[in-house]
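To start, the structure itself, in structure tokens.
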Amino acid sequence: MAVLPESRRLSLLLMAACFLLQALSAHAITRHYKFNVVMRNMTRLCSTKPILTVNGKFPGPTLYAREGDNVLVKVVNHVAHNVTIHWHGVRQIRTGWYDGPAYITQCPIQPGSSFLYNFTITGQRGTLLWHAHINWLRATVHGAIVILPKLGVPYPFPAPHKEAVIVLGEWWKEDTETVINQAMQLGVGPNISDSHTINGHPGPLSECASSQDGFKLSVENGKTYMLRIINAALNDDLFFKVAGHELTVVEVDAVYTKPFKTDTLLITPGQTTNVLVRANQGAGRYLLSVSPFMDAPVQVDNKTGTATLHYANTVSSSMASLTLVKPPPQNATHIVSKFTDSLHSLNSKEYPANVPQTVDHSLLLTVGVGVNPCPSCINGTRVVGTINNVTFIMPSTPILQAHYYNIPGVFTEDFPATPLHKFNYTGSGPKNLQTMNGTRVYRLPYNASVQVVLQDTGIISPESHPIHLHGFNFFVVGKGVGNYNPRTSPSTFNLIDPIERNTIGVPTGGWTAIRFRSDNPGVWFMHCHFEVHTSWGLKMAFVVDNGKRPSETLIPPPKDLPQC
């Protein structure tokens with residue numbers, strides 16, 4: 001066997017070290033962002049108002065990273081409101097201090113102050129979102145998170161020609177903080193929004209708009225495009241369509257799916273969906289539409305937000321060249337069921353669906369809204385949100401700090417695992433089941449297998465609820481209409497390739513079962529992502545204990561953690 005000269009061996013070692021450093025740097029980049037929270041005047045629907053923004057943009061800037069990257073975001077508060085930012089769907093493994101919900105994991109960033117969010121993107125790739133997580137500020141303080149695969153790792157589907165971020169939202173002519181504050185004072189529901197938006201604009205068919213207004217997506221015939229679609233609306237489940245074009249779903253909530261074709265998407269607040277669109281139509285402009293889904297007797301904004309898909313070499317700019325789209329009926333439950341039934345995890349060798357097959361902790365949580373007595377309210381009652389008949393009261397000290405430092409009197413660990421009052425949840429149950437108030441949490445040991453059945457209730461009216469769990473992804477193993485039956489319902493569960501996500505819509509008058517593993521120590525918020533329901537108290541939190549190893553332990557709090 002020939003022996004390499006010393007200089008040749010040193011050269012090879014140096015080359016190997018360089019390649020190793022390149023590989024490590026490719027997977028361990030630190031990305032720096034600065035978010036300045038500032039007021040800006042914005043004109044929509046014939047009127048102008050000041051809104052909170054990040055860096056003066058609405059929606060805010062897109063945060064780009066790759067799987068494995070460390071992300072540093074300095075948030076500077078230049079406005080008169082307290083602010084926090086939540087990185088919706090980012091797992092925050094052991095870094096719960098940076099999760100963002102006010103008074104759950106941190107005190108707000110006060111006017112004139114700043115906070116450096118510091119987290120790593122671990123085992124995730126796809127589309128998520130960031131948004132303010134205090135009061136109703138996320139109405140305008142929100143934006144996209146685009147997590148690209150590691151360098152050299154392809155998508156598990158044909159690579160698109162280009163990608164585009166599509167942020168769906170709502171617009172109020174009034175100040176949104178005034179809207180919810182007045183509603184809370186009176187004890188009633190808030191005013192609905194005045195329009196739906198696509199990338200911040202109601203679109204070319206809205207009040208005071210011209211045919212050229214709104215977001216425009218330019219395409220070339222024969223090319224395939226990936227749309228990263230985010231529902232950043234406060235209170236509405238939304239349908240999304242593109243006139244004359246089929247959509248191929250390839251990912252939801254930053255998890256790859258088995259691809260399937262559809263002409264209509266259903267996206268609840270907080271959810272994301274990536275679709276491929278083939279530009280296979282003739283020259284012209286084609287309408288994109290966003291419209292509400294509500295299959296309960298609840299008032300929602302029925303305005304359709306629009307944008308245009310514009311083919312290259314389209315000569316005419318008049319409305320005559322615009323292909324319109326017909327939104328689904330507002331109560332199109334059959335379209336929603338077909339869409340959600342089509343969602344399955346990819347469950348490939350590279351992207352397995354690690355569904356817990358056994359259950360250590362089983363919870364049945366009823367979710368809904370009810371009424372409590374309120375002598376000062378306009379009707380003598382106050383609308384409240386509940387989980388297991390508990391209306392959550394926000395503390396003045398963050399629960400994570402109280403947990404970490406063993407501060408007494410901030411929360412109690414007696415959140416009920418099953419309903420305290422059992423009744424026909426989706427039938428003719430009690431119409432005035434007074435709730436209990438409390439800052440109650442449910443404690444979980446590290447790495448337990450957890451099943452949560454989310455059961456809608458009809459105390460006022462059955463209604464869908466988009467439930468978001470911080471700190472974890474979960475598998476949606478089952479759903480059904482009516483009341484969950486612990487004896488028969490589990491036989492319908494999908495434990496092979498259920499969809500994995502961080503936000504799930506509990507169907508109107510039905511139930512959804514999710515499973516996850518409590519492998520992330522800290523305090524993790526779970527709440528309805530209809531902001532009005534969260535304001536009313538439809539929320540709770542899990543406290544997850546540390547594991548035995550340092551890698552299973554919550555990191556210490558940062559030195560610049562905001563103080564209350």
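Note that Cβ sites are derived from N, Cα and C of the backbone, with glycine treated the same way.
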Given Swiss-Prot lists His133, His470 for Cu cation 3, the same-site residue among His78, His196, His527, His533: His527
Candidate sharing the Cu cation 2 site with His88, His529 (per Swiss-Prot), from His81, His131: His131
Same Cu cation 4 site per Swiss-Prot - residue from His421, His465 joining Cys528, His533: His465
Recorded positions clustered about Asn437 (N-linked glycosylation site) [Cα within 10 Å; pool: His131, Asn389, His468, His470, His529]: Asn389
For His131 (Cu cation 2 binding site): DSSP state (helix, strand, coil): strand
Secondary structure composition of the domain 'Plastocyanin-like 3' (414-548) [DSSP: H/G/I, E/B, coil]: 10 helix, 56 strand, 69 coil
Residues in the domain 'Plastocyanin-like 1' (36-152) grouped by DSSP into helix, strand and remaining coil: 6 helix, 59 strand, 52 coil
Distance, Asn379 (N-linked glycosylation site) to His470 (Cu cation 3 binding site) (CA atoms, angstrom): 35
Near-site residues: Cu cation 2, ref His88, His131, His529, CB cutoff 8 A to centroid: His86, Leu129, His133, Arg138, His142, Ala232, Pro269, Gly270, His468, Thr503
Cβ-based neighbourhood (8 Å from the centroid) of the Cu cation 3 site, residues His133, His470, His527 excluded: His86, Asp99, Gly100, Pro101, Ile104, His468, Phe525, Met526, Thr534, Lys539
Asn447 (N-linked glycosylation site) to Asn389 (N-linked glycosylation site) - Cα separation in whole Å: 28
